[in-house]
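J.: Provided herewith is a single structure, encoded as structure tokens, for subsequent inquiry.
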């Protein structure tokens, strides 16, 4: 029995999420193209009106110049005015020609950002995207035409950029070797090296090296084992190389039986590690080495689940093996991930001494004060806010212990791991010292330039700074600037200069009333910005580099409100609080929060009262439509042998979910949220992955959805959607990642017709806008024009299906106002052919229209007809994550809809277009020069108190308005 059939009695409507989102985004693209065309028509009318006005002025001036009554001195003045008007006319006619070309040219392949690239550049970006070369490599010396299906062609194309590798062809493929190397057993389907056989050998994997005895025991065992293998190999070779290795430390010697890979500069990936890395991971290690040689930093923005942690561990281990690990490395990460980092270092390269500066560390004195400081070091969201919660400082005794711990890292090596909160608490111990390397895991936490943690991180004294983030660009250009200002100080100039020269021109170019010069200037500035950051931002996607991952499917389950939920929802919409919100007397977010609680469970609204009410069944599952679905799903999956991750946004909802799970027969669960002791979090994760006793793992999205590896589950449920699509994406990627052996199914639950469905619509569109390529018309401003009032509506209970479901199922759906609609609501008619084709709609019924989509102006929906499944994902990937993905992110994060179509090759006779192009290029080059003049050398180590790069140390003189910039552009013209 399928899930859909099993839940049919609950009124659940299921839609495949991938197809749904593709259908919605395709419709949005059509709408945006239509809106862009309308804007161009209005722009053309405006230009033609101005041309007519200027021509009329020229005609009048000609008449007055030709008149016998006009004095000679006055005629000279008129001729000067006439010359200016003719120049203006020439510029306006140039704009008119550009606009007409854009209107006539509907071939997206001619849009800027596609045709602007040469074949060589496209091939280079394809190699970078698929993890075969680094961004610093060009195609000189590579084969210009590579058949990527041919193994020998791949080897021929990448061999000159990847260094010397002593193994044979299988290691140049996009997959790791399936050869049995003796130490780490693998089968053909294994995709992740950290298998149980390895972790069982490393008995101290979960214990860091704050206790020096632990480190010594592990190091001695590793050296003895390696030396024994070397002696065996030397004996078989008649002691051929035995004298060569005498007197050297074991970690500096090559592996006895497995070959490493050496790059230019004496950097070698040891044989202990290299055979177990994927092709794209080796490329990342090479890229990190290239950054290290430049004394620059970068952002590893690989998609979640591709092993960003492994790539850093491999690089630092290779530095140590190559004898280039001169100063200790600092790793800052969320508290939940500290033990994971320790485990990976111990598994991949035992000689590295890894110390945790945290109350959960294994130092002899840390345990005495563990309870006292766990609350101080908890990973709250305060780091992302502008006003951080003031953390309580460490006691004098613990501070002395921390000081000795940091000192030991500098005297005995090698890695210090702490949290973002710990960086602030122990800043006086960490910030004054010079570090060899610094890594910020989940580095998007410092995206706010004014936050305290961002300021602290920028004071770390090292030039080798790396950010790990699966979602490096989320909202706007200021956040992008702040991330780059950490990894490469001065690369994008100071914040005021960056906003002046890049952010404002790019933003203005996206306005509907932007002139032709402003549109092209925005494009040129964005191209310049892309070129500045692309070598230092490495982002690869699973679909491009990890094709052997199990399948992942996503379903959206639309659940009906229970009668109690619907009554509570309607009562709030008709209540006094709602009127205050609509009148602006109360915060709109208050109403949103109440409605979201009702959608989850009505008891959450008055939780404090009902929780202590006598004889009241708090959290009764029968009161929540989604909770009834959860219980049915988990019962079914228990029978089928599936294990589930169940995510919710709040701990209060987890409490109710826990109540609903307790009376389910034979369903065992564990739980982790913000209140879970940090010392227990990794143990909970490991226990769930290894122990199949637990069927369900209850998690909050913020704690359990951040960097945690939960491949023990193959089902994921997102109980309630988040405004930020990257938050839900982080959660759903916990199971679908390297190491997963089963197909993964993700279910989103939402109540039909409520605020949750509208939040989901905004998620789809926000993700759609983030993934747009430059060729698409201006999209974001259209959606920004909608207000939040449409959130406070409720779909008709009698309607079968949902607003989103209708969008997906209808072959065409026209939104229009129906004067005879019930209750005065706006409605839509479902075409008769749809009612016949889809049984979900009853004859004669009308479905409530979405005010969201009507305000957005979506006129119709085309039914999505999926092609062959094997080609769907790849084709979509190529279109949305193609060669201009970095430029795409820049425009999306700036709040731009997109640029307009332009002819990329101008004819020589079109002098007006050449002038516009020249002016746009000049403005972009001026922006580049301005940024470069404020860039400080990356080699310079700035003490914390002298750093001019820290946000807040130099404030902008004042905001520059749009009118000011428009005036400047007018003067330039």
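Yeah, the Cβs are placed from backbone N, Cα and C, and that goes for glycine too.
Here the structure is a predicted model, which means the values were calculated and not measured.
So Swiss-Prot says this about it:
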COILED    35-107  coiled coil
REGION    230-251  region 'Disordered'
DOMAIN    289-490  domain 'Helicase ATP-binding'
BINDING   302, 303, 304, 305, 306, 307, 308, 309  ATP binding site
REGION    367-386  region 'Disordered'
DOMAIN    629-789  domain 'Helicase C-terminal'
REGION    803-846  region 'Disordered'
COMPBIAS  834-846  compositional bias 'Basic residues'
REGION    863-882  region 'Disordered'
REGION    930-973  region 'Disordered'
J.: With Cβ-Cβ distance below 8 Å and at least 6 positions apart along the chain, what are the contacts of residue 302 (ATP binding site)? List them in sequence order.
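T.: Within the chain, residue 302 (ATP binding site) has Cβ neighbours under 8 Å at 284, 308, 311, 470, 538, 539, 540, 541.
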J.: If you take the centroid of the Cβ atoms of 302, 303, 304, 305, 306, 307, 308, 309, the listed ATP site, which other residues of that chain have their Cβ within 8 Å of it?
T.: 470, 737, 738
J.: For residue 302 (ATP binding site), what is the secondary structure state per DSSP, taken as helix, strand or coil?
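T.: Once the DSSP labels are grouped into three classes, residue 302 (ATP binding site) ends up as coil.
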J.: Can you tell which of 305, 307 has the least company, meaning the fewest other C-beta atoms within 10 angstroms of its C-beta, among these binding-site residues?
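T.: Comparing Cβ neighbour counts within 10 Å for the binding-site residues 305, 307 gives 305.
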J.: Return the count of C-beta atoms lying within 10 angstroms of the C-beta of residue 303 (ATP binding site), excluding that atom itself.
T.: 20
J.: Near the Cβ of residue 309 (ATP binding site), how many other Cβ atoms are there if near means within 10 Å?
T.: 24
J.: Which chain-mates of residue 304 (ATP binding site) that are at least 6 residues away have a CB under 8 A from its CB, listed by sequence?
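T.: For residue 304 (ATP binding site), the qualifying residues are 470, 471, 729, 730, 733, 737.
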J.: How many other Cβ atoms sit within 10 Å of the Cβ of residue 308 (ATP binding site)?
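T.: I count 25 other Cβ atoms within 10 Å of it.
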J.: Can you tell me how many other Cβ atoms are located within 10 Å of the Cβ belonging to residue 306 (ATP binding site)?
T.: 27
J.: Can you tell me the mean pLDDT for the domain 'Helicase C-terminal' (629-789)?
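T.: Mean pLDDT for the domain 'Helicase C-terminal' (629-789): 78.
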